[in-house]
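Straight from Swiss-Prot, the features:
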type	residues	note
BINDING	Phe10, Ser11, Gly12, Gly13, Gln14, Asp15, Ser16, Thr17, Thr18, Cys19, Leu20	ATP binding site
BINDING	Cys189, Cys198, Cys201, Cys204	Zn(2+) binding site
Amino acid sequence: MNVKKAVVVFSGGQDSTTCLVQALAHYDEVHAITFDYGQRHREEIETARRLATQFGIAAHKVMDVTLLNELAVSALTRDEIPVSGELQDNGLPNTFVPGRNILFLTLASIYAYQVGAEAVITGVCETDFSGYPDCRDEFVKSLNQAVSLGLDRCIRFETPLMWLDKAETWALADYYGHLETVRQQTLTCYNGIAGDGCGTCPACELRSRGLDLYLADKAGIMARLYEKTGLCEKSVL
């Protein structure tokens, strides 16, 4: 029997956890890979470990990539740089970590190659996002082609959240029966506070705004999700 395998790039945050629960519904064997790059919100690594165990996935690999910290100066890799909602002179937020998704997706692909997975799943998004260039659809598709050529194997990059806004991402978690798990147990906050977070950093504001919109109009947001994704309709309370 052909076993369908996937590798999820997993931070323990809202987006990657939503991708994980979706992957568990569609693949026979799900692996997760988490990266320790010296991030200031290091609690996310332990959050990822706990959730991986809770969901009973096939394997969870935590990789030390702190070398990225030496090269990528960002508010997420330097405690002395305060997180700011303002854009820098280059038009990017100071939470952008140069090369992060290039490295993560490349290493996840190597891991997928080793375990025989057909897909690498990442929660990047171009709809409600922080302006990071390595979250764009164009980038993901380009790197996917390069990686497949370099490995001489077709490993498919899946981006299930790419065209969903944050409200629709909450709807997707709800569709798979894990709205409260994602809300209460994931860590998205740049200040390392799980659940609803600090409420003031850019990540928390984006997450909270999406949740409020979803809770105010579940039926309407879910209808949009069905239209965008082609998921079969089912009752969501």
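Positions of Cβ are set from backbone N, Cα and C atoms, glycine also.
Overlay of Swiss-Prot annotations on the structure.
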residue	record	contacts (Cβ under 8 Å, 6+ apart)
Phe10	ATP binding site	Ser16, Thr17, Cys19, Leu20, Ala32, Ile33, Thr34, Ala48, Leu51, Ala52, His60
Gly12	ATP binding site	Thr34, Glu44, Ile45, Glu46, Thr47, Ala48, Arg49, Arg50, Leu51, Thr186, Leu187
Gln14	ATP binding site	Thr169, Ala173, Val182, Thr186, Thr188, Arg207
Thr18	ATP binding site	Gly123, Pro160, Leu161, Thr169, Leu172, Ala173, Tyr176, His178, Val182
Cys189	Zn(2+) binding site	His41, Gly197, Cys198, Cys201, Ala203, Cys204
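The most crowded of the binding-site residues listed here (Leu20, Cys198, Cys201, Cys204) is Leu20, judged by how many other CB atoms sit within 10 Å of its own CB. Apart from the site residues Phe10, Ser11, Gly12, Gly13, Gln14, Asp15, Ser16, Thr17, Thr18, Cys19, Leu20, the chain places the Cβ of Val8, Gly123, Val182, Thr186 no farther than 8 Å from the centroid of the site's Cβ atoms, the recorded ATP location.
Note: the Zn(2+) site is recorded as Cys189, Cys198, Cys201, Cys204; in the same chain, Thr188, Tyr190, Asn191, Ile193, Gly197, Gly199, Thr200, Pro202, Ala203, Glu205 also have Cβ atoms within 8 Å of that site's Cβ centroid. With a 10 A radius on its CB, Ser16 (ATP binding site) counts 24 other CB atoms from all the protein chains.
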